[in-house]
Structure formats: C-alpha cells, structure tokens
Amino acid sequence: MSVAVLGGGAFGTALAVALSQRGPVTLWCRAPAQADDMANRRVNERYLPGCTLPADLTITADLTAAADAKILLLAVPMQQLGRFARDEASHLDGKILVACCKGMDLRSGAGPVETLAQHCPTARVALLTGPSFARDIARGLPTGLTLACADAGLGETLQHQLATPALRLYRTTDVIGATLGGALKNVMAIACGATIGAGLGESARASILTRGFAEMQRLALLKGAVPQTLAGLSGFGDLVLTCTSEQSRNYRFGLAIGRDEAFDASMTVEGAATAQAAARLAQREGIDLPITSAVAGLVEKRLDVAQAMDALLSRTLKEE
Ligand SMILES: NC(=O)C1=CN([C@@H]2O[C@H](COP(=O)(O)OP(=O)(O)OC[C@H]3O[C@@H](n4cnc5c(N)ncnc54)[C@H](O)[C@@H]3O)[C@@H](O)[C@H]2O)C=CC1
Ligand SMILES: O=C(CO)COP(=O)(O)O
C-alpha cells in the first residue's frame, strides 16, 4: 500500500526516510519553501540536519497529491492536530490515518486518535508510538514501537505494512493505554529533567520516574487501559528513554526549568500542554496525580522547582 507522511518535522522526516526502504513514500510539508529546499538539497536542514533524504522520497507541499496515498501518517504536533484535521478533513476523511504524535489536546483533553476521529468520522485511525528518537530511526538503528488500533484486523495490516528490518512493530488494540502512556511519559520527562537540572540528584530522579509511572497507570487504568500496555514500549519503554536522555526535548525543557534557564519556545515540547490537560482531567475524575500537577504548576509558573518538590515531599506517608 502506498504511504504518505504528513508533517515535515523531525519525526515525520525520520519515518519517511525509514519507510522509503519498503517502497515509494511521499513526505508532505506545509511550507512550500521548505519542501522545495528539501527536495533540492535532499536534507531537512531545520528539523533533521545531517540526515540525507533518499533519492526516491517524494517531497511536496501539495496536500492533494500526498493524500492520494492509501496510508497517511500524521506527524503534526498534538496541539496543532485538531485544527489541521478540521481544516484538511476533505483530504483525510475516509482514509487510513496513523497518528504519530504524543499528547492530549489542551482544550478537549482528547488524544490523537480521538481528535482525528472527531474531525474525520469515516477515517480508520491508528496510533504509532513508543521509544524512538527521530535521529535513531532516520539512521536505521534498531527500534521497537507500538502500533495501536481498535480494529484488530487493520492493526495487523498496518503492523506488516509499516515494519522495516530495523523498525519492529508490536500491535495492540488498547488505544487508550498506548495514548496515555505516550502522552504522560513526556510529563514525567519534564519532572525528571527539572529534578536533575535543579541538582536534586539521580536518586530523586529514580523516585520521580517510578512514582510517575504509578500516576500513568492510575489515570490510564481509570480510563479503561490494559495494564500490560502501560508496562510495554508505549508506556514504560518510552518513559525510561525520555526521562534519561538529553536527546529528549521534554527532558531538556525540564533541565532548563531546573537550572532557571531560558528554553527555545519554538521547540515542540508535548509534555507542557499535556501536563495541564492531564491535571485538569485528574481533578475532574477525582484522582491524585501529584507529579503531573507539580509539572503543570512549573509550566504555568505558579511553582518553582523547590516549591514543587516541597509539595511532593510533604504529602502524607502512604503505602506504595
Ligand atoms: N522527534 C522525535 O524524536 C519524536 C517525535 N514524536 C512525536 O511526533 C510529533 C511531531 O514531533 P516532531 O516531528 O519531533 O516535531 P518538530 O517540531 O520537529 O516538527 C513539527 C512539524 O509539524 C509542522 N506543523 C506544525 N504545525 C502544523 C500545522 N498546523 N499543520 C501542518 N504542519 C504543522 C511543522 O511545520 C514541523 O514540520 C510530536 O507529537 C512528538 O511527540 C514521536 C516520537 C519521536
Ligand atoms: O517521544 C520521543 C521519544 O520516544 C521524543 O521525545 P521528545 O519529544 O521529548 O524529544
């Protein structure tokens, strides 16, 4: 089946490079000047410098042409996905859509699959998520990801259509678990970055990571997720990667908060809005997500790291 990737950032470009090994791929970028530059120079200088784009990868700013493919992968940041899907529904509805972003929409609280389904009611929608840095995928390094699709048959088809020799896909029908694992691990990465940035130590980070995992499970299981999904690549796997690597933008954003340094506002940091959306959801649901709330407080500048850590440490002692 023909494949197009919509979104010419780091991840979209990396996926297009990897999938080009399997057959013809089209990469759509919204800015015509960027598409022309990438097509001519065979590199995405802004988002994925140093990675040569294969000669047979088609790069275009023409969405009508790109959306002609059978499978459309959407690698647009979460907070832009709803507007993009609404504005471009005529190109997307009725197609097979694979959301490749992580997070919760700040206004609706929905994840990527729900957001796409709202705007494109006749599309068949899946989610590709898990521990993977764009640069690793583009270099062809071994990577394991989760392909989540409520329709088991379509999920199996996509698993086989999108796997490559280096990109090993596991499938699940638990879209809620894969969505919330991928969304909330970025919140925990901000918390872990802030912990290290403020000089609070690696022991503290291990506690934040572990108790953060407990929060991810608490919210996801409440929403109907399967525990195994949270323990898998899309949950625990991505949590470990993102909370321990300076390649992660969410972790680096946390580091900057902890060091009281400025951070490039144009950078995609999905965990910031997701922390706010998840904290609101937890309040509505009446559950306690103290690390998520602390990260929302840091993002909204209501708290500094010392106050956030005080709030966590002064809670009543409890069973693990
Ligand atoms: N970079 C990575 O290593 C990974 C990223 N992801 C996820 O992929 C998603 C995208 O992230 P990146 O590609 O890294 O971000 P990026 O910041 O590198 O690129 C974002 C891209 O989206 C485009 N874009 C922004 N608003 C748009 C709109 N309204 N319509 C169309 N295009 C728009 C930008 O032009 C840019 O090409 C995020 O949800 C991220 O969590 C997932 C796994 C790995
Ligand atoms: O999702 C990712 C790794 O799996 C990428 O992390 P960042 O968005 O924090 O860079």
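Using N, Cα and C of the backbone, Cβ positions are placed for all residues, glycine too.
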Listed in TrEMBL for the sn-glycerol 3-phosphate site shared with LYS102, GLY130, SER132, ASP238, SER248, ARG249, ASN250, one of LYS185, LYS301: LYS185
Of GLU88, GLU156, GLU270, residue recorded by TrEMBL at the NADPH site of PHE11, ARG30, TYR47, LYS102, ALA134, ARG249: GLU270
Where LYS185 (active site, proton acceptor) sits in the secondary structure, as DSSP reduces it to three classes: helix
When distances run from the Cα of ALA134 (NADPH binding site) to each of the recorded positions LYS185, SER248, ASN250, the nearest one: SER248
Nearest recorded site to ASP238 (sn-glycerol 3-phosphate binding site) by CA-CA distance, among binding-site residues ARG30, TYR47, LYS102, ARG249, GLU270: LYS102
Longest CA-CA distance among LYS102, GLY130, SER132, LYS185, ASP238, SER248, ARG249, ASN250, per record bound to sn-glycerol 3-phosphate, angstrom: 15
